[in-house]
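Have a look at the structure below, then the notes.
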Amino acid sequence: MDTKIGSIDTCKATHNDAVTIHTPMIPFNSPDSTLGRHIARRLVQVGVTDVFGVPGDFNLTLLDHLIAEPGLQFIGCCNELNAGYAADGYARARGVGACVVTFTVGGLSVLNAIAGAYSENLPLICIVGGPNSNDYGTNRVLHHTIGLSDFSQELRCFQTVTCYQAVVNNLEDAHEMIDTAISTSLKESKPVYISISCNLPGIPHPTFSREPVPFCISPRLSNKMGLEAAVEAAAEFLNKAVKPVVVGGPKLRVAKASDAFVELANASGYAVAVMPSAKGMVPEHHPHFIGTYWGAVSTAFCTEIVESADAYLFAGPIFNDYSSVGYSLLLKKEKAIIVQPDRVTIANGPAFGCVLMKDFLAALAKRLKHNPTAHENYRRIYVPEGHPLKCEPKEALRVNVLFQHIQRMLSGDTAVIAETGDSWFNCQKLKLPEGCGYEFQMQYGSIGWSVGATLGYAQAAQEKRVIAFIGDGSFQVTAQDISTMLRCGQRTIIFLINNGGYTIEVEIHDGPYNVIKNWNYTGLVDAIHNGEGKCWTTKVRCEEELVEAIETATEAKKDCLCFIEVIVHKDDTSKELLEWGSRVSAANSRPPNPQ
């Protein structure tokens with residue numbers, strides 16, 4: 001079976017007939033038979049209709065050909081870092097994203113965003129306008145470089161954060177290199193790097209004289225014997241357990257296994273939890289869903305059920321110092337089945353390679369005895385969470401009151417973007433309605449990510465209203481691209497949480513460097529708005545003002561970009577951040593082992 005890529009259905013043979021793909025001829029030397037138009041058509045074909053970037057002299061001709069392609073829009077961002085973050089957010093909603101920058105000075109600026117996309121397993125096509133093809137091998141020194149005649153610095157930087165690199169400086173193999181790069185990004189679910197010499201995009205070549213043949217990317221297949229053996233061993237392990245549980249991890253996305261995970265949950269009857277970075281990948285309205293498993297800062301009663309289980313299956317986990325709360329999880333290897341995208345490890349016993357997660361989970365679902373014991377235990381000990389203390393009239397707004405009102409805003413027509421910081425912890429406690437999107441960047445944790453990611457996600461998922469939660473410290477890193485949101489006519493609601501500093505850092509290790517210069521954030525956004533586009537801003541200091549602001553944003557200003565600055569006390573944090581910060585601090589400050 002072949003996979004479907006973007007909006008293109010692959011062609012499949014039936015009854016052993018050969019497949020004939022009819023693609024219209026484009027006359028050689030036509031304006032449409034160029035390298036630039038080929039890559040533009042490829043992007044549209046895989047589902048990219050918006051490319052984010054910053055123009056520079058090495059990519060200008062390429063941009064001409066990209067914007068000439070029907071169905072492809074170039075969205076100019078305020079800097080390359082934000083363009084990369086936007087492509088990241090776009091890929092989360094659309095399945096693939098793309099950005100275009102100029103050589104080295106632009107490439108090294110976007111590099112941090114590409115590294116983040118790599119860490120989160122996102123297909124992202126990073127295109128760089130490179131030097132003139134005649135300059136390679138000439139010992140010439142070019143501008144936008146560090147002053148060496150070796151042009152490979154940028155390439156060497158990208159090699160560690162992309163799964164494939166193509167330097168296109170001649171037309172003969174350009175077609176093959178571009179197609180290989182894009183298909184590799186889709187297959188590996190990782191970013192790729194494509195450098196295109198600045199003098200090549202407008203030149204016709206016979207290899208571009210047809211419309212691109214639609215991608216037919218054969219999916220990976222499980223080793224049948226390995227799959228059967230893994231399912232047999234896992235079923236035996238789980239069926240003899242008394243109170244097993246299943247926990248979804250962030251690699252459910254790259255394995256495309258969320259549906260298979262739900263199938264397993266339905267068949268098994270086990271209590272179902274997610275790791276924090278998998279929030280949104282498993283439906284929270286599932287009858288056996290018990291919340292987020294995050295060690296000491298888990299959803300109430302979730303950690304007790306998971307860690308007291310006598311068997312747990314983790315599907316696609318990432319155990320790092322953040323997700324393990326400073327390595328403090330009380331899990332035992334001998335109780336765990338760890339399912340990665342193409343590998344299954346059972347307790348201290350066997351490991352099975354070349355076994356795809358979605359195949360394994362679907363097959364295992366058919367072999368498990370129904371066992372709701374863990375979920376029944378959860379229901380016995382569960383006590384409904386309390387409500388925040390009622391605010392006095394005009395009392396300073398508390399964060400727990402803020403998120404009580406946010407919960408009521410969520411629906412299947414919304415999506416939540418949570419910035420690195422206390423927004424992680426507050427947003428984790430939100431109960432997502434069916435269809436509500438949710439994204440944050442936990443593995444890389446780059447502050448400022450959410451501004452660009454909100455831009456990209458909202459552009460890719462225009463049917464949803466994005467609600468973003470950004471701390472003041474993070475916002476100062478990437479604030480400029482509010483202007484791009486306005487140019488694109490987006491109707492996002494941004495809650496800027498102003499508490500005067502880097503609160504997450506304060507709870508790990510405090511110091512004067514965690515206090516930042518306060519801005520008039522609504523005044524800044526008003527200045528960026530400058531009367532062009534639809535924008536509404538307000539400051540809120542108490543619950544009454546918050547209620548009024550939410551009502552305005554969701555009714556009278558529902559078609560506007562709404563920016564709500566929420567002013568809270570500098571020490572008003574979630575209890576989870578206080579606990580998590582102290583544990584991460586302890587992990588960071590471990591003394592050196594004796595030599």
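A Cβ is built for glycine as well, from the same backbone N, Cα and C atoms used for every other residue.
Each residue in the domain 'Thiamine pyrophosphate enzyme N-terminal TPP-binding' (34-139) gets a DSSP state, and the totals come to 50 helix, 22 strand, 34 coil. Here TrEMBL flags 34-139 as domain 'Thiamine pyrophosphate enzyme N-terminal TPP-binding'.
Here the domain 'Thiamine pyrophosphate enzyme central' (231-349) returns a mean pLDDT of 96 for the predicted model. Residues or ranges marked as domain 'Thiamine pyrophosphate enzyme central' by TrEMBL: 231-349.
Look at TrEMBL and you will find 441-565 tagged as domain 'Thiamine pyrophosphate enzyme TPP-binding'.
Per TrEMBL, Mg(2+) binding site is recorded for Asp472, Asn499, Gly501. Cβ-based neighbour count (10 Å, all protein chains) for Gly501 (Mg(2+) binding site) stands at 20.
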For the domain 'Thiamine pyrophosphate enzyme central' (231-349), residues assigned helix / strand / coil by DSSP: 39 helix, 25 strand, 55 coil
Residues that sit under 8 angstroms from Asn499 (Mg(2+) binding site) by C-beta distance, when 6+ apart in the chain: Gly471, Asp472, Val568, His569, Lys570, Asp572
